[in-house]
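One structure is given here, and the rest of the page talks about it.
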Amino acid sequence: MVDRRKKPSVSRAKRPVQKGAAAKQVQAVERSAADFANARLQQLQRVLVEVLKFKYPADAVLSHWFRENRALGSRDRHEISETVFDILRHLRRYRHFAQSGEGSEFRRLALLGLLAINGPEYLDEVLTPFEKEWLARISQLDLATMPWEVRHSLPDWLAVKLRDFNQADELVDALNTKAPLDLRVNPLKTDRTAILKKMSDRPYSPGQPVATPYSPWGIRLSKKPAVHHWPLFKDGSLEVQDEGSQILCALVSPRRGAMVIDFCAGAGGKTLLLGAMMRSSGRIYAFDVSDARLARAKPRLARSGLSNVTPVVIANENDPRVKRLAGKADRVLVDAPCSGLGTLRRNPDMKWRQSPEGIAEFVDLQQRILQSAARCVAPGGRLVYSTCSILPEENEAQIEAFLAKNPDFTLINAIDALGDRIKGLEMADDYLRLRPDVHGTDGFFAAVLERRTAE
């Protein structure tokens, strides 16, 4: 069954009969609505041709397509993006439905996406009689009778991996649901209470801001306004960061004056919070192999007010600049490159772009990075390994293999490591595992490893 989140307020059958000028006005409005819907269908079909090649991330394809179609307004871009991402979340199920349709597959997929996003009245003027009958039949289908992997829109290889998870249906349903927008206050400049008070006034109110349940710095918005234009964002009081990512920073728990290495810093989201937790004291080395990613961190650092961060572009995990820090770091965070399958709420195309072969390559890279980063940890220091994956081979299996090779490290209970910084979390063992269906965050994994002091 297609999810119809919006119902028509007045059906065509219930519209009052119009006469004269009023009737002409209604006809003009209906023609305008039909023209608009037809144009949207054409736009979606064109962009789906590019997105479904899965050559590049969907958000990058959309950004490029919008640059080439500058006549589209912000509302147009929003609706097209929302529809494309809905199609990506439910692609296998929609393709299953589309087998019985007519016309191009791209039109059928676009119809299903628009139906889910805007409701049936939106399409009323543009559907052929066959399409109306086809959609009516689909609306009567029982999803429970479909194969599990089709119902949840998963590729076969991923369905096999996820089927045996605890509460697998709830997990996959959550991964196939649009994520809210999480923000983080900058504790170097302000606190959450003060920011929530400011956000209770316009122009911030449309997002319905509420405190996140676990992170003391997090604010969750039910909608996705243009926060980059907000004064609170421009002055560095707010950043965009998933609550799960904030919890990982609390797990690192850097002390003031410490030496910290963010081994895979990327655009610096975790680096910023670590630096603020240290009150801009000590030193943080933000390593990454991508100059472009670190370049994106620089304006964020400028807004943050931090002075303790040193971005460093490295060639690889064995770069001489890494080796020079051997045994010197109090804390090392390895937020390792991974499949990203815990972020499907935000990046639904990942399940179609990843493969078992790609996972195997990530596993090999993660092992190399973890081993290299471990050399930087001082005796008594801690190494935090994390991914935004939910797959055991990228998570628990990596830690087990690492500990077998490195007896000078020991696994520390994650909840104990969090202390009183994060309250309300419970875990079944020593690892930190976050799930969208349980915690409302992206899917995350983390382990805390402490290097034994010399006897």
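Every residue gets a Cβ built from N, Cα and C, even glycine.
The region 'Disordered' annotation in TrEMBL covers 1-24.
Annotated compositional bias 'Basic residues' per TrEMBL: 1-17, in sequence order.
Look at TrEMBL and you will find 171-452 tagged as domain 'SAM-dependent MTase RsmB/NOP-type'.
Here the Cβ of ASP335 (S-adenosyl-L-methionine binding site) has 25 other Cβ atoms within 10 Å, regardless of which shown protein chain they belong to. In this structure, ASP335 (S-adenosyl-L-methionine binding site) is part of a beta strand by DSSP. Residues or ranges marked as S-adenosyl-L-methionine binding site in TrEMBL: ASP288, ASP335.
Summarising the annotation, TrEMBL assigns active site, nucleophile to CYS388. Around the Cβ of CYS388 (active site, nucleophile), a 10 Å sphere holds 27 further Cβ atoms from the protein chains shown. A coil conformation is recorded for CYS388 (active site, nucleophile) in the three-state DSSP classification, outside any helix or strand.
Mean pLDDT for the domain 'SAM-dependent MTase RsmB/NOP-type' (171-452) in this predicted model: 96.
Residue environment of ASP288 (S-adenosyl-L-methionine binding site) contains 22 other Cβ atoms, counted within 10 Å of its Cβ in all protein chains.
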